[in-house]
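Colleague: So Swiss-Prot has the following annotated:
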- GLU178, ARG224, HIS458, ARG495: L-aspartate binding site (BINDING)
- ARG224, ASP225, GLU226, GLN233, GLU488, GLY540, LEU541, ASP542, ARG543: ATP binding site (BINDING)
- 202-205: region 'Aspartate' (REGION)
- HIS30: site 'Important for tRNA non-discrimination' (SITE)
Amino acid sequence: MRTHYCNHISATDIDKTVTLFGWVDRRRDHGGVIFIDLRDRTGIVQIVSDPQRTPTSYPIAETLRNEYVVKIIGQVSQRPPESLNPKIPTGEVEIYAESIELLNGVNKQLPFVVSSLEAELVKEETRLKYRYLDLRRDRMAKNLQLRHAVVKAMRRYLEDEQQFMEIETPILTRSTPEGARDYLVPSRVNPGQWYALPQSPQLFKQLLMVSGCDRYYQIARCFRDEDLRADRQPEFTQLDMEMSFMSEEEILDLNEGLVCHIFKAVKNIELPRPFPRLTYQDAMAKYGTDRPDTRFDLTLVDVSDIVKDSGFKVFSGAVKNGGKVKVLPIPGGNDIISNVQIKPGGDLFKEATDAGAKGIAYIRVKENNKLDTIGAIKDNLTEEQKRELLARTGAKPGYLLLFGAGDTDTVNKSLSRLRLVIGQRMNLIDPEKINLLWITEFPMFEWNADEKRLEALHHPFTAPNLADLNDLATARAQAYDLVYNGVEIGGGSLRIYQKEIQEKVFETIGLSLEEAYNKFGFLLEAFEYGTPPHGGIAYGLDRLVMLLAGEESIRDVIAFPKTQQASCLLTEAPASVDTKQLKELQVKSTYKPKVKEE
């Protein structure tokens, strides 16, 4: 039986006999003495096999190669001074192997060397295909351990300190398409009927509040059939929570306690409380996004009122058409950013146009506050407008002013993107800094131009601000998102718990009462049986762990992730199924593979 994990052996174990299991990370032969780095999920310890001191283990030690699986029994010894290795936790000790048992070898050539630093350069496709080897690597093993530690901290805080109950909700449920596409599962028992995999446990957790389970949580698997990005997967994990009889203020306070507990448990970092807050309106005005990275100070300035009557039609026309003109003032930007970068073909021009802008207007502030820009701007701004621009933006000599003009959404998207890119390039962002921020008072609805209707910004079960009930179309939501260094890690709201208000919200997004009862009748009926006021939040576990681990993709903190084509390279899922299975389900595929042209 194992007595220790590799990384847990220290100088306090000297002279003890230990039993270890693991993989051969490296094997070295130094003048007849064989050294083996033994690895398990915790780390590495050095094993020594000496033909004089440990003759019984030596013949097997000679045969070992990378990734062989072994059991080792040996005595812990102090390393000689010249062999000390301060780079690893076990660098003070080594184990003289009295017995080595080969449990399994490697029968094929390794696709990459697990222990080599070059494994970091291996293509991700190869790593995902041989994920069981990839997960042996130190970086990946640490990511999984961190994920476990985060979940453990969540459970301890919610259960031990806040009296939450962990309750599982169904994976097979009904399709209620609102937002992303559902993954559908045909029912063999009920031909022609379909289950859907849940996009979230939203409705069931609200029903649990009706049931009297007033503090619920779940580490929930969720499924969304949507286009993938670096921080999206078709199946993902949430910490899902719901609470009855709590105000928005109380929910935010409880969740700040949770997040602080996680950071202390896994990073030994004390976060200051309370977390700063910004309304959605203020966030969009200052940063152009509801997920601002507040680790650096560049902010947007609205100058629409100053330039609305200017002779420069790009500015005045934008305001006339109901849009905005905003500025990103960049201290020291004159020395860092060239005209080539801003003009067509430049990298910053491309960043802006990728976000929907037609281009970037600019003004450089020179000595004595002289303005350097293209003639069309310089000649069509009055001296008063120029003075007002400098005063409003606080610009001084050396500043570069980047302008966005057009519809408000495009201006915000393009300038917020430029703000982040420039902040990174000018090294304004401290990678060690942790800024957590609540965004509150979201709009209830946004306009869907394609479908020509309002749709819920979060979801249609979000409670409107009570002061806005008379005009739901423009109402603010009692909703809140938690943003960590510019990434949304959690979002929630108070919920509607009165049937009449829920019916009005459905009507506002274009659902008739008949449609609403067909899709959500079970929820509306439950509201007639004494539903308590309640609210909740869900955290993206994958995204949170990614940020804590310093990774750039959630695929590196998930044991067996999908690719950006929603496929598993290890198991080759998704895959076709035989016609017998389809026949049992009374399902027929109409897909016809495209014939490749010669």
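Each residue, glycine too, has its Cβ placed from N, Cα and C.
How buried are these features, and what lies next to them?
Modeller: Reduced to three states, the DSSP call for HIS458 (L-aspartate binding site) is coil.
In the three-state DSSP scheme, LEU541 (ATP binding site) is classed as helix.
Residues belonging to the region 'Aspartate' (202-205) score a mean pLDDT of 97 in the model.
According to DSSP, HIS30 (site 'Important for tRNA non-discrimination') is assigned to a strand segment. Here HIS30 (site 'Important for tRNA non-discrimination') comes close to no residue that lies at least six apart in sequence on the same chain with a C-beta under 8 angstroms from its C-beta.
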Colleague: What Cα-Cα separation, expressed in whole Å, is found between ARG543 (ATP binding site) and ARG224 (L-aspartate binding site)?
Modeller: 15
Colleague: For the binding-site residues HIS458, ARG495, which one has the sparsest Cβ surroundings, going by other Cβ atoms within 10 Å?
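Modeller: Result for the binding-site residues HIS458, ARG495: minimum number of other Cβ atoms within 10 Å at HIS458.
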Colleague: Would you find the one among the binding-site residues GLU226, GLU488 whose Cβ has the most company, meaning other Cβ atoms within 10 Å?
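Modeller: The residue with the most neighbouring Cβ atoms within 10 Å is GLU488.
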Colleague: Find the longest CA to CA distance in the recorded ATP-binding set ARG224, ASP225, GLU226, GLN233, GLU488, GLY540, LEU541, ASP542, ARG543; express it in Å as a whole number.
Modeller: 20
Colleague: For ARG543 (ATP binding site), what is the tally of other C-beta atoms lying within 10 angstroms of its C-beta?
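Modeller: Around the Cβ of ARG543 (ATP binding site), 21 other Cβ atoms lie within 10 Å.
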